[in-house]
Amino acid sequence: MCGIWALFGSDDCLSVQCLSAMKIAHRGPDAFRFENVNGYTNCCFGFHRLAVVDPLFGMQPIRVKKYPYLWLCYNGEIYNHKALQQRFEFEYQTNVDGEIILHLYDKGGIEQTICMLDGVFAFILLDTANKKVFLGRDTYGVRPLFKAMTEDGFLAVCSEAKGLVSLKHSTTPFLKVEPFLPGHYEVLDLKPNGKVASVEMVKYHHCRDEPLHALYDSVEKLFQGFELETVKSNLRILFDSAVRKRLMTDRRIGCLLSGGLDSSLVAASLLKQLKEAQVQYPLQTFAIGMEDSPDLLAARKVANYIGSEHHEVLFNSEEGIQALDEVIFSLETYDITTVRASVGMYLISKYIRKNTDSVVIFSGEGSDELTQGYIYFHKAPSPEKAEEESERLLKELYLFDVLRADRTTAAHGLELRVPFLDHRFSSYYLSLPPEMRIPKNGIEKHLLRETFEDSNLLPKEILWRPKEAFSDGITSVKNSWFKILQDYVEHQVDDEMMATAAQKFPFNTPKTKEGYYYRQIFERHYPGRADWLTHYWMPKWINATDPSARTLTHYKSAAKA
C-alpha cells in the first residue's frame with residue numbers, strides 16, 4: 001500500500017502544489033519523495049512509501065538505467081513479476097515487482113503490458129522519449145486512483161481524492177476530481193509545455209474473461225467440464241493459488257477474521273500456506289465487536305480450530321459514533337452502508353497498527369459480490385438475473401466495498417490483500433453456469449460452502465454459518481449497530497431538516513436521517529464533491545430505502561428462527 005501523486009502542466013508554484021500530496025502521507029509512512037521530471041519544470045511525481053517489497057531499492061518513481069526515458073509511479077503488487085521476468089529473460093535492476101511494468105512496456109507497449117499483470121495496481125507511466133503519459137488501474141479497482149484534468153491540459157493524479165481537491169490552476173476556481181475507472185487504461189500525449197491531451201481511454205479487461213497472464217502462470221492445469229466435483233476441484237486449486245501468490249512480502253502477514261465464511265476461508269487457507277512456506281512467525285488474526293457479539297464468538301472458534309495467534313478488539317457504541325467523522329473523511333464517501341460497515345474495519349486497523357507488527361493484512365472482501373452472498377439474492381427472479389446482478393456489483397466494487405477496505409486500512413498504514421478478487425479465481429467462478437451459483441436450500445454461497453465441505457479447513461458450523469447483517473455480527477440482534485446508529489441520528493437530524501433535504505442536497509438526496517447525517521459530515525470535509533458517489537448502494541428486487549439486511553424479509557425470518 002503506497003500513495004502516488006503526479007502533476008503535469010501545473011501553472012502554479014510546484015512547491016506549494018506539493019503540499020497537497022502530504023494529505024495522503026498515511027498511505028506510505030515509511031518514506032516519501034518528490035521528483036521533478038527532467039526537461040519539464042511544471043511536471044512532478046510524489047510518492048509515499050509503505051515498504052513491503054525490496055526495502056532498499058523500492059523508492060519511486062522507479063527509473064532504471066536501461067530505460068532512462070521511463071518514469072513509473074505505482075501502487076500495487078504484481079504477483080507474477082518473477083514468472084514474467086524468467087519467461088522473457090528481462091534483466092532486473094531491483095527486486096521491486098513494479099519494475100516489470102517498464103520491461104513489458106518496452107517490449108510490447110501499454111496494452112500488452114497491462115493485460116499481462118497479475119495483481120492489483122494503479123499506475124502513472126511517463127515515456128519522455130515518445131512524449132506519452134499512461135494511467136492504468138486493475139480490473140476491480142482494488143488499488144485506488146483519482147484524476148483531475150482541465151480543458152487546457154493540466155493533469156493531476158493521486159491515490160486519493162483528498163490529495164487533489166486543494167490544487168490550484170489558473171483556468172478554473174474548482175478543479176473537477178473523479179475516480180479513474182477500474183479495468184481501464186488511458187493514453188495521453190505529453191506536450192512540450194508539460195501539459196497533456198487525452199488520446200484514448202481503453203477498457204482492457206472484463207471480469208468474466210480469462211486474463212492473458214493465465215498463459216504464463218504456474219497454476220496446475222484445470223479439469224474440463226462443469227460437473228460438480230470437477231468445478232469444486234478447480235475452485236480449490238484456484239483459491240489456494242490466489243492465497244499463495246499473495247504471500248509476496250518482506251513484512252509480517254495478518255488476517256481479518258469475522259468468523260463468517262469468507263474471512264474464515266481466507267484465514268484457514270492462509271495459515272496452511274504459511275506453514276507450507278515455512279514462515280517462522282505465527283499468523284495473527286483480528287476480530288472486532290462489542291462484547292459477546294456473534295462475530296467475536298465465531299472468530300474465536302475459527303482461531304482455536306486453525307491455531308492462529310488471535311486478537312479480539314472490543315469497542316462500544318460511543319467509540320463507534322465518535323469514529324464516524326474520521327471514517328467519512330478517510331472514505332471520501334457518504335454512502336450509508338459503506339460508512340456503517342467501515343467503522344469496525346477502521347477501528348480494528350487502528351488497533352493493528354498500534355499494537356502489532358503485522359502490516360500486510362488479508363481479508364474476505366469481494367466474495368459477496370462474486371459468489372452471490374448478499375441475502376437479497378434469494379429474491380432473484382432467475383439465475384440469469386442473479387448473474388447480471390453479481391457482475392454489476394463487481395463492476396461497482398470500487399465505489400463501495402473495495403473503497404471501504406482500502407481506505408480504512410490505508411488510513412493506518414496497512415496493506416490489504418483480497419484473494420477472492422484474484423483474476424483467475426473470479427473469472428473462472430463467473431464462467432460457471434448461472435444455476436450453479438445461485439443460493440440453494442435457503443443458503444447463499446452454497447457452491448462455495450460445498451467446495452470446501454470435505455477439506456477440513458473449517459468447522460462445519462462455520463462453513464455453513466448463515467450470513468449475518470454486518471451490524472448484527474459485530475454487536476447483537478437485540479441491540480445492533482444499525483439500531484445504535486438510528487437512535488443516535490434521531491437526535492441529530494430533525495423532521496424539518498428532512499423536509500428540506502432535497503433543497504439542501506439536490507444530488508443524491510438522503511432519504512433517511514442516517515443518510516442526512518453522513519452527508520452533512522461529508523460536505524464539511526469535501527464541499528461540492530457529492531458526485532464522487534454516483535448512487536447509493538441498495539439491494540435489488542425489493543422496495544428498499546435502507547441498505548441494511550435487517551430490512552429484508554428473508555433475514556428477519558432467519559433472525560427469529
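Note: Cβ is positioned from N, Cα and C throughout, glycine not excepted.
Per Swiss-Prot, the feature domain 'Glutamine amidotransferase type-2' maps to 2-191. Sequence annotations record features per position, and here Swiss-Prot assigns L-glutamine binding site to ARG49, LEU50, ALA51, VAL52, VAL53, ASN75, GLY76, GLU77, ASP97. The domain 'Asparagine synthetase' annotation in Swiss-Prot covers 213-536. Taken from Swiss-Prot, the feature ATP binding site covers LEU256, ILE288, SER363, GLY364. Here Swiss-Prot flags GLU365 as site 'Important for beta-aspartyl-AMP intermediate formation'. If you look up Swiss-Prot, you'll see LYS385 marked as N6-acetyllysine, on the strength of similarity to another entry. Taken from Swiss-Prot, the feature phosphothreonine covers THR545, and the record attributes it to similarity to another entry.
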(request) Pop the mean pLDDT for the domain 'Glutamine amidotransferase type-2' (2-191) in here, whole number is fine. (result) 94
(message) Same chain only, sequence gap of 6 or more: which residues have a CB within under 8 Å of the CB of SER363 (ATP binding site)?
(response) CYS255, LEU256, SER263, VAL266, ALA405, LEU416, ARG417, VAL418
(message) Name them in sequence order: residues not among ARG49, LEU50, ALA51, VAL52, VAL53, ASN75, GLY76, GLU77, ASP97 whose Cβ is within 8 Å of the mean position of the Cβ atoms defining the L-glutamine site.
(response) MET1, CYS2, GLY58, VAL96, GLY98, GLU415
(request) Could you state the whole-number distance in Å separating the C-alpha atoms of GLY364 (ATP binding site) and THR545 (phosphothreonine)? (result) 27
(request) Going by Cα-Cα distance, pick out whichever of the recorded positions ILE288, GLU365, LYS385, THR545 is nearest to VAL53 (L-glutamine binding site). (result) GLU365
(request) Tell me whether LYS385 (N6-acetyllysine) sits in a helix, a strand or coil according to DSSP. (result) helix
(request) Find the one among the recorded positions ILE288, GLU365, THR545 whose C-alpha lies closest to that of ASP97 (L-glutamine binding site). (result) GLU365
(message) Considering Cα atoms only, can you say which of ILE288, GLU365, LYS385, THR545 is the nearest neighbour of GLY76 (L-glutamine binding site) among these recorded positions?
(response) GLU365
(request) Can you see whether DSSP assigns SER363 (ATP binding site) to helix, strand or coil? (result) coil
(request) Compute the C-alpha separation of ARG49 (L-glutamine binding site) from GLU365 (site 'Important for beta-aspartyl-AMP intermediate formation'), stating it in Å without decimals. (result) 24
(request) Work through the recorded positions one by one (ALA51, ILE288, LYS385, THR545) and name whichever has its CA nearest to the CA of GLU365 (site 'Important for beta-aspartyl-AMP intermediate formation'). (result) ILE288
(message) Roughly how many Å lie between the Cα atoms of LYS385 (N6-acetyllysine) and the residue listed as 'phosphothreonine', rounded to a whole value?
(response) 21
(message) Measuring Cα to Cα, how far is THR545 (phosphothreonine) from ILE288 (ATP binding site) in Å?
(response) 28
(message) Using a Cβ cut-off under 8 Å and a sequence separation of 6 or more, which residues in the same chain sit near ILE288 (ATP binding site)?
(response) ASP295, LEU296, GLU312, VAL313, LEU314, PHE315, GLY344, MET345, LEU347, ILE348, TYR351, ILE474
